[in-house]
Structures are given as C-alpha cells and as structure tokens.
Amino acid sequence: MSFRPGSRGGSRGGSRGGFGGRGGSRGGARGGSRGGFGGRGGSRGGARGGSRGGFGGRGGSRGGARGGSRGGRGGAAGGARGGAKVVIEPHRHAGVYIARGKEDLLVTKNMAPGESVYGEKRISVEEPSKEDGVPPTKVEYRVWNPFRSKLAAGIMGGLDELFIAPGKKVLYLGAASGTSVSHVSDVVGPEGVVYAVEFSHRPGRELISMAKKRPNIIPIIEDARHPQKYRMLIGMVDCVFADVAQPDQARIIALNSHMFLKDQGGVVISIKANCIDSTVDAETVFAREVQKLREERIKPLEQLTLEPYERDHCIVVGRYMRSGLKK
C-alpha cells in the first residue's frame, strides 16, 4: 500500500493538533501520528506505517490490526441506542415489530431480557402500564438482521403468510447455532414451542447452551433425513421451517411434514440454488424444487427471492394438504 505522509500528516496532524500537543509537531514526520480516537486509532495506522515501515517491519502490521479493528468497534454499538427516541410498532406478522428511530429496524421482543445471542443490538423501551399509578415497565427488543437470517430477509421482502406466530409450534430444520431460531423463539413466545433440529455437533453445542436460557426451544442434535429417530420428542406442529441447503432438501422436508405437520399446516423453505444444482440457473432450480413440493402434497402459496440480502436464494411458502392436492 503506497503511503503519502503529506496527505495524512496534514489532515490529521492539523485537526488534532490543538489538544495533546502532538498533532502539529509530528504531523509531517509521522503521518498524523496520534490522531484517530483516544490517541491511538489513527495513530498507528498512518503513523508507524510511514515512518517505521522501512526498518523493524512494524508499520503494516500495526496499521491494519489496530487502526482497522478499533474503527469497526465504534460502528457496532451505534444505531438505535444512540440517544435517539425509538418507537416500537407492531408488524403485520404477529410477534414481529418495527423499531422506528434514526433508521427503521426489524425487531422481536426478547424472551430472555439482558441476553444477546449472536452479538445483536438490543433496544430497551419503556411501555406505559394500563393501570393508573403503576410505573411503566421496561421491555427489551432484539434487532433481527436480514443479512444474518433468511427468515428476516423474507419478512423484509414482504412475505404474505408466515405461519409463525405467538403460541404456535414450529419445527425448525437446519437450526445451526440458533441465530434465527432465537428470533423464532421470541415470535412464538412462552406459549409456543420451537423444535430445533441440527445435525452438526459444533453448532449444536451453541444451540443447546442458547436453549438453556430459552425454555420454549427444544434442541435436537439429529439428522433431519431420519425423522423417526426423534419422533418421540415432537408432537404435531403448526409449521415446518427448513434451511438445510442439501440437494435432497425437498425429500427431507416432505418426510418431516408427513410425520409431524398438521393438515393445512404451513411450510416455509429457504432454497439455496447452488447447493441443489450449480450447473443450471437459479430460476430453473427453484421451479424444480416447487414441483417436487407439489408431488409431496405441499401446495405452494408464494415464492420470493432474497435479492438484496442473499444471492441466488429464495423462500417458498406452502400449505401442507394431507388429503392431497386438488387437480
């Protein structure tokens, strides 16, 4: 990376020269040395990069490591908590909310207040009580990032029917470490249940530790291809959500639906085209998968690509017709 002491030295040196007394003097020589925030962030990025890069080899390493990492940390905490007044509005899907503030965010009511599952932002809002003389209660919401969750991406894209609502029983196939599962747990609430099936043991361990704090999640570390292995743990469910990314995912979903899903129950499937067939275009893959679902008595209701959030992904929502599809 080319470094021009003049450019950085002048700008940072001049700006921060007033306090600390180092900016002006060392500006030209060390590249705006102790600028940044708190006297370190910018410093070692520009400073040592230019002056000490030649001998000792410290320039590049410290520039990338300290300058970059500390900059990122500032961004993470910002957003809704930055002193802005946040108003929570209910989304048209029950159990999902929108936080209106500096930016509009998709949020769910935290089932385990004070606990963050994957480092997501939390927003505390005072809700006035319905009785006179009772102080307002604090309610915590968790930001649901559509870039981290296919289900959130589908909701942002405008899914009409979700089948996941307060009090519902949901079978979640391909739960991984529980990023989306935790939000589904928030949506169904204490009256609902999420049966989270994951085959890999490493994410499975994280899923189990998360489920310890959320009594409505039942983690099942088992292969979703063999639903008979966990049939004694699950009753009939209202909805099957699948994010398994396997070539035979239509068959996996069908097996679980036939065994656990109520008649007229909902099926929500995230399809990743590359995982099923990377030799044809995504639209062809989606069409083939929808046809396979029809053959398994799942009536497709809508299909939605997750374009701004995920590439070559789509969500298909269907209804399970136990008696068969009418021709």
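Backbone N, Cα and C atoms are what each Cβ position is placed from, and that goes for glycine too.
Noted in Swiss-Prot for the protein shown:
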type	residues	note
REGION	1-83	region 'Disordered'
COMPBIAS	7-82	compositional bias 'Gly residues'
MOD_RES	ARG8	omega-N-methylarginine
REGION	8-83	region 'RGG-box'
MOD_RES	ARG12	omega-N-methylarginine
MOD_RES	ARG16	asymmetric dimethylarginine
MOD_RES	ARG22	omega-N-methylarginine
REGION	22-42	region 'RNA-binding RGG-box'
MOD_RES	ARG26	asymmetric dimethylarginine
MOD_RES	ARG34	omega-N-methylarginine
MOD_RES	ARG34	asymmetric dimethylarginine
MOD_RES	ARG58	asymmetric dimethylarginine
REGION	58-75	region 'RNA-binding RGG-box'
MOD_RES	ARG66	asymmetric dimethylarginine
MOD_RES	ARG66	omega-N-methylarginine
MOD_RES	ARG70	asymmetric dimethylarginine
MOD_RES	ARG81	omega-N-methylarginine
CROSSLNK	LYS150	ubiquitin cross-link
REGION	243-246	region 'S-adenosyl-L-methionine binding'
REGION	281-313	region 'Helical'
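Residue counts for the region 'S-adenosyl-L-methionine binding' (243-246) under DSSP, split into helix (H, G, I), strand (E, B) and coil, are 0 helix, 0 strand, 4 coil. Confidence for the region 'S-adenosyl-L-methionine binding' (243-246), expressed as mean pLDDT, is 95.
With helix defined as DSSP H, G or I and strand as E or B, the region 'Helical' (281-313) counts 14 helix, 9 strand, 10 coil.
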